[in-house]
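Okay, so here's the structure we're looking at.
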Amino acid sequence: MREGGRFGEEGWGYEPEGVLLSRLNNAFFRNLWHLSTIALRTWTDWLLFLSLPVLVAAYIAAGYYEMLVPGYLYTTLIEDDLQGFIHRCLQLLGLVILITVLKTLRSFTTSWLANSWRISITNEIHGLYMSDLTFHTLRMEYARIDNPDQRIVTDIKELTSTFFTILGGVGAGGAYEAFGNILWYSVQVGQRCGWYGVVTGYVWSAVMALISVAFINVVAPWVFRQERLEAVFRFLHVTLRTRAEDIAFQGHGTHEYETLDTSLVRCVDNTKQIIYRQIYLNVIQFWYGYMTTFVMYFSVGVAVFSGLAWEYTAEGERAQWIAQTSGSFMFLLWGFTILIQLSTQTSDFVAYVTRVSELHDALLDSKRRNGHDTHPNTNTALNESQMFIDNPQTLVVDKLQITSPAAEVLMSGLSFTLAKGDSLLLLASSGKGKSSLLRVLRGLWPASQGSVSLPAKLSTGTGGLFFLPQRAYLAHELTLKQHVMYPTMQADDAASDDTIRALLCEFGLERVLERVGGLDVIANWHTMLSVGEQQRLCLARVVWHQPSIAILDEATSSLDAEWEKRVYQSFVKRNIGVLSVGHRETLCALHNRVIKLA
Ligand SMILES: Nc1ncnc2c1ncn2[C@@H]1O[C@H](COP(=O)(O)OP(=O)(O)OP(=O)(O)O)[C@@H](O)[C@H]1O
């Protein structure tokens, strides 16, 4: 969030810093190129991409011959030539069929490429987002990247579909058709009317195109802002849904209603701004569209009256020259019209490219920094070969200092060792930095001084360290069995089922197992299980993974004393080392050692 800008304040609140970046300028083209290189990695990608302009070129060529036919038809009609008339009609029918096929193929290729680019860009960005816990880093350190989920799910889709609509055109023709027409019909108009015709078309259209680009930049930042505001609105609704019960307990949701309402008003106000600003773009587009006919006949008229068609003295030939010259003019100007009419889509496109590139840049930046930073867990000041020959399953914390992102020193000089089978409680009151210590151990925060060392064998997960956060985490769409196995899902076998069933019974979940009808049922566990049951399910998960050391962040806070004791006995029985952080004195009796943090 930008300094001084907080959602809910007067004005735009949550004001995007990047709003000024959303413009049709060099940075936009650079960003577009970077994103394109993600989708254009192999020769096949390039071939498919280049098939679209080839198809459009074939379509333009067929359109050119179709444009010539009416001129020939005039001649056959004026000269009473029945045979010639039938021949030209058949030619026209053949061309119409060819054009239909080419246009359908163009549409198909456009949609296909849009989808294929979406897959490539989403895979790349999603891969970066999910690797090395970057989704966490992004949330903590790149606050200006609002709603990465919306960027990954919706903005990339809109970006790719708008891009290919702009290039290939679905109904009205796209940039390829525009440039193809401009090139081809410049030659045609030049041959028929000389430099005068071409210059008239170009000057007229260039002025209009420049005005259009200026108006794209009037709209694009507001479209960018709209995406952001819509994302915030959706996020608030998702929060309302996921925390529905907490909110319901605390009141009637009046505050939430007001916040959502404010957010909706912002979306709607911004939409109004876009609609107002698009008036200018529409005026340019529509005026240009209709003026095309005027400019076409005016230019042909000037050509005829200045004697350019003098050599066509026969009536039929003259009618043909006029029909084909105005046709060429019309297609030349149509090329420019398409470009100008693409301005609305272009302003949306600029906004999507900016949002997706912003996320991609942040992900690459995070990856680069990850590569350079010394990860606390790989600090080899005390490495396995030097220190842990006798006991390779030991965690060592040495003179550790932890500083919060707000630069507040939360604890310093903390030292301890913990081996498999041992248990240690770090006791401290609320807000003293217990969870922050675990963040450092997990490598989510760097240590500001001192070191955390553990042998490679103590990687996270089965057989290594296993972290259990304060709030029980139950992932979506999992069965009871999968919740126990989470985060790794092993192959199904009867022995695993028996072990998991026994574990669930050991942790007091046999009634749940009976109620839902077995290990393999998916249910909405968050609403179905009590908070204590959710914690016990996660504690059963620790036992299943048999870590050397379990690191528990008040993970038994919702259990009564009896259950808490049984859980720790379970760990002792299996020789699982435990590092607990908490503030309840009752925990002391359940650990071999206690360190009280001041
Ligand atoms: N991202 C952050 N930016 C700035 N300060 C933070 C951040 N996260 C935590 N803090 C601050 O660091 C301090 C320690 O937080 P931490 O979550 O480690 O406390 P704790 O000891 O686990 O507390 P509790 O027992 O209440 O869960 C708190 O004052 C908290 O406000």
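Including glycine, each Cβ sits where the backbone N, Cα and C put it.
A TrEMBL annotation is a machine prediction, not a hand-curated record.
What TrEMBL records for 46-65, 85-102, 159-179, 199-224, 287-309, 321-340 is transmembrane segment. The domain 'ABC transporter' annotation in TrEMBL covers 395-598.
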For the transmembrane segment (199-224), give me same-chain residues lying six or more residues beyond its boundaries with a C-beta closer than 8 angstroms to one of its C-beta atoms, as numbers and ranges.
16, 18-20, 22-24, 186, 189, 270, 273-274, 277-278, 280-281, 284-285, 288, 295, 299, 329, 332-333, 336, 339-340, 343-344, 346-348, 350-351, 354-355
As a test of reading the model: what is the averaged pLDDT for the domain 'ABC transporter' (395-598)?
87
Residues from the same chain, set at least six apart from the ends of the transmembrane segment (46-65), whose C-beta lies under 8 A from its own:
39-40, 91, 95, 98-99, 102-103, 105-106, 109-110, 113, 116, 164, 167-168, 174, 176-177, 180-181, 184, 188, 331
